[in-house]
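Trainee: So TrEMBL has the following annotated:
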type    : residues                                                                             : note
BINDING : Gly16, Ser17, Gly18, Lys19, Gly20, Thr21, Arg127, Val136, Tyr137, Thr200             : GTP binding site
REGION  : 36-65                                                                                : region 'NMPbind'
BINDING : Ser37, Arg42, Lys63, Leu64, Val65, Gly90, Phe91, Pro92, Arg93, Gln97, Arg160, Arg171 : AMP binding site
REGION  : 126-163                                                                              : region 'LID'
DOMAIN  : 127-162                                                                              : domain 'Adenylate kinase active site lid'
Amino acid sequence: MASGKLFRAIIMGAPGSGKGTVSGRIVKAFSLKHISSGDLLRANIEKRTELGLIADKYIREGKLVPDIYITKCILSELEQIRSHSWLLDGFPRTREQADDLWNQERIDSVINLDVPFEVIIERIQSRWVHLPSGRVYNVGFNDPKTPGRDDVTGEPLSQRPDDTPVAVRKRLEVYDACTRPINEYFDKKGVLVTFKGSTTDEIWPHVRKYLEAKIQ
């Protein structure tokens with residue numbers, strides 16, 4: 001970033017919307033720190049921290065980790081990078097989390113990716129995953145260098161059993177129901193901006209142009 005102005009943003013997008021790809025481009029183009037709630041949680045579980053042990057217990061029981069633990073983890077991480085611009089991914093996921101975050105941090109933009117459900121369902125059917133790392137490939141869009149193999153490790157890729165059209169549509173409906181109140185919350189705060197499109201390459205130029213105007 002050219003200036004010393006700090007910029008704090010959140011990215012929202014349904015599973016399969018290309019949020020990971022757009023996040024990567026934003027972070028690279030604008031030198032933001034990328035904070036992923038999923039990555040943070042996995043790191044805490046691997047390190048066997050107090051939060052990691054608590055989270056692991058809930059996850060093993062098939063339950064969601066309560067708001068209080070996730071929020072504490074995220075806010076603690078943001079406190080440590082107070083002098084940096086950042087992009088927050090995967091948080092908030094509830095209206096309460098949004099409120100806690102807003103009260104603690106100044107949020108400049110909430111970037112919401114709006115991709116049609118039918119496009120996402122078709123995309124996810126062609127998705128292959130390297131389960132140990134979470135790296136995702138899409139046949140015909142983001143193909144692995146060697147078919148069926150992870151680019152980094154060479155290990156075999158697999159498809160998640162819940163990536164069927166019916167299961168994906170259900171996940172998308174749940175996501176929509178959960179995030180609508182969050183988007184409405186940030187819209188009322190005047191920081192929500194929505195980008196519509198079917199592909200990352202279609203959406204990205206608009207996101208970039210918007211951020212170039214915001215970050216000066």
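Placement of Cβ uses the backbone N, Cα and C atoms for every residue, glycine included.
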Trainee: With a Cβ cut-off under 8 Å, give me the same-chain residues at least six positions beyond the ends of the domain 'Adenylate kinase active site lid' (127-162) that come close to it.
Mentor: 16, 20-21, 38, 168, 171, 199
Trainee: Which residue counts does DSSP give the domain 'Adenylate kinase active site lid' (127-162) for helix, strand and coil?
Mentor: 0 helix, 12 strand, 24 coil
Trainee: Which is it, of Gly18, Gly20, Val65, Phe91, Arg160: the one of these binding-site residues whose Cβ has the most other Cβ atoms within 10 Å?
Mentor: Gly18
Trainee: Taking the Cβ of Lys63 (AMP binding site) as the centre, how many other Cβ atoms fall within a 10 Å radius?
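Mentor: There are 9 of them.
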Trainee: With DSSP as the reference, give the number of residues of the region 'NMPbind' (36-65) in helix, strand and coil.
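Mentor: Result for the region 'NMPbind' (36-65), in helix, strand, coil order: 22 helix, 1 strand, 7 coil.
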Trainee: With Cβ-Cβ distance below 8 Å and at least 6 positions apart along the chain, what are the contacts of Tyr137 (GTP binding site)? List them in sequence order.
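Mentor: Looking at Cβ-Cβ distances below 8 Å from Tyr137 (GTP binding site), excluding near sequence neighbours, one finds Arg127, Trp128, Val129, His130, Asp143, Pro144, Leu157.
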Trainee: Give me the Cα-Cα distance between Lys63 (AMP binding site) and Gly18 (GTP binding site), rounded to a whole Å.
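Mentor: Distance between the two Cα atoms comes out at 26 Å.
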Trainee: In Å, how long is the longest CA to CA span across Ser37, Arg42, Lys63, Leu64, Val65, Gly90, Phe91, Pro92, Arg93, Gln97, Arg160, Arg171, which the record gives as the AMP binders?
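Mentor: Greatest Cα separation within the listed binding residues comes to 29 Å.
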